[in-house]
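Pulled from Swiss-Prot:
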type: BINDING; residues: ARG9, LYS10, SER95, THR96, HIS97, GLN154; note: substrate binding site
type: BINDING; residues: ALA65, MET66, THR67, SER95, ASN124, LYS186, SER211, THR216, GLY262, LEU263, ARG264, SER283, ARG284; note: FMN binding site
type: BINDING; residues: GLU155; note: Mg(2+) binding site
Amino acid sequence: MSDFQREQRKNEHVEIAMAQSDAMHSDFDKMRFVHHSIPSINVNDIDLTSQTPDLTMAYPIYINAMTGGSEWTKNINEKLAVVARETRLAMAVGSTHAALRNPRMAETFTIARKMNPEGMIFSNVGADVPVEKALEAVELLEAQALQIHVNSPQELVMPEGNREFVTWLDNIASIVSRVSVPVIIKEVGFGMSKELMHDLQQIGVKYVDVSGKGGTNFVDIENERRANKDMDYLSSWGQSTVESLLETTAYQSEISVFASGGLRTPLDAIKSLALGAKATGMSRPFLNQVENNGIAHTVAYVESFIEHMKSIMTMLDAKNIDDLTQKQIVFSPEIMSWIEQRSLNIHRG
């Protein structure tokens, strides 16, 4: 594939992603908090700091991986980096493969560091990159963490995608052992299982982003690029973010779990944190905000999102993220069926 074709593919991904709409129904709607009428705290008591063994985030929200690798996406990364700087959010760039192949494309990613020199930035590579390239991806952005995206459904629907996956787990293990910053194993919208969590724990992984279905749909994106558009029947493949977080429960004491995929509102973010996530990521909402409404409006959107989270936490009498994990939740019969059929041990306060 030529560099021009790769740039075109990056732009197609963004165009199709922006055109997608939120799912009509979400598993976040199938879980409810139990309301208690009189909180014992005030809004000003809320501490939204997200703390993991290696990373401290001012807020449990991050701009998740989406783009880079073309002139248009350079402009997007530049604007998102300004938003991240002004709101103190962490930010992940999209796959840096284009820059690792062609130095001319490096600036479409490094613009994020240029615009946000003191901020927290995650670099991003695929599960098949050589260790040396993973190290290069971290150095490229002076990144505080490295996302490794695992995206087999996307690859298999992508006309020119990868068809070989047998080396992925071993390669991830090699990268984890060599890279000096936290390595986050990141799905791309298909969710994670407890079996995968076991495998990742065995090779030393300490961070995952479950990225469940319901948000940006890469099966649909790649199917739109197919000549016959003949794989749309896979559109609903995978686990939701709620199901994925429940799948991780037994591993949350050893692995820091991030949640993304289909988060629409501050309440969805709070529900993710209550299920054990340390932070929550969004891609398309930020992309659409910054492209359609500009930087200032997007900054205001983030500030409002944070204030709404504080209000919800006050209603829940939760001073911090850890408190949220003790709050009572009622699940729908459908989610309870998933918990039972998957033999998941869910214990709550």
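Please read every residue number as a count from 1 along the shown chain.
Note: Cβ is positioned from N, Cα and C throughout, glycine not excepted.
Structure with Swiss-Prot features highlighted.
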residue: ALA65; record: FMN binding site; CB count, 10 Å: 26
residue: SER95; record: substrate binding site; CB count, 10 Å: 25
residue: THR96; record: substrate binding site; CB count, 10 Å: 31
residue: HIS97; record: substrate binding site; CB count, 10 Å: 19
residue: ASN124; record: FMN binding site; CB count, 10 Å: 26
residue: GLN154; record: substrate binding site; CB count, 10 Å: 20
residue: SER211; record: FMN binding site; CB count, 10 Å: 33
residue: GLY262; record: FMN binding site; CB count, 10 Å: 26
residue: ARG264; record: FMN binding site; CB count, 10 Å: 17
residue: ARG284; record: FMN binding site; CB count, 10 Å: 22
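Here GLY262 (FMN binding site) is compared against the binding-site residues SER95, THR96, GLN154, GLU155, and the shortest C-alpha distance is to GLN154. Counting Cβ atoms from all protein chains shown, THR67 (FMN binding site) has 24 others lying within 10 Å of its own Cβ.
When the CA atoms are compared, the binding-site residues lying within 10 A of THR67 (FMN binding site) are SER95, THR96, out of the candidates SER95, THR96, HIS97, GLN154, GLU155. Reduced to three states, the DSSP call for HIS97 (substrate binding site) is helix. Under DSSP, THR67 (FMN binding site) is assigned to coil, being neither helix nor strand in the three-state scheme.
When secondary structure is read from DSSP and collapsed to three states, the residue listed as 'Mg(2+) binding site' falls in the helix class.
Of all the binding-site residues in the record (THR96, HIS97, GLN154, GLU155), the one with the smallest CA separation from ASN124 (FMN binding site) is THR96.
According to DSSP, ASN124 (FMN binding site) sits within a strand segment. Across the annotated binding residues for FMN (ALA65, MET66, THR67, SER95, ASN124, LYS186, SER211, THR216, GLY262, LEU263, ARG264, SER283, ARG284), the two most widely spaced Cα atoms sit 23 Å apart. In the three-state DSSP reading, ARG284 (FMN binding site) counts as helix. Around the Cβ of GLU155 (Mg(2+) binding site), a 10 Å sphere holds 20 further Cβ atoms from the protein chains shown. Counting in whole angstrom, ARG284 (FMN binding site) lies 16 from SER95 (substrate binding site) by their C-alpha atoms. Secondary structure at SER211 (FMN binding site), taken from DSSP and collapsed to helix, strand or coil, is coil.
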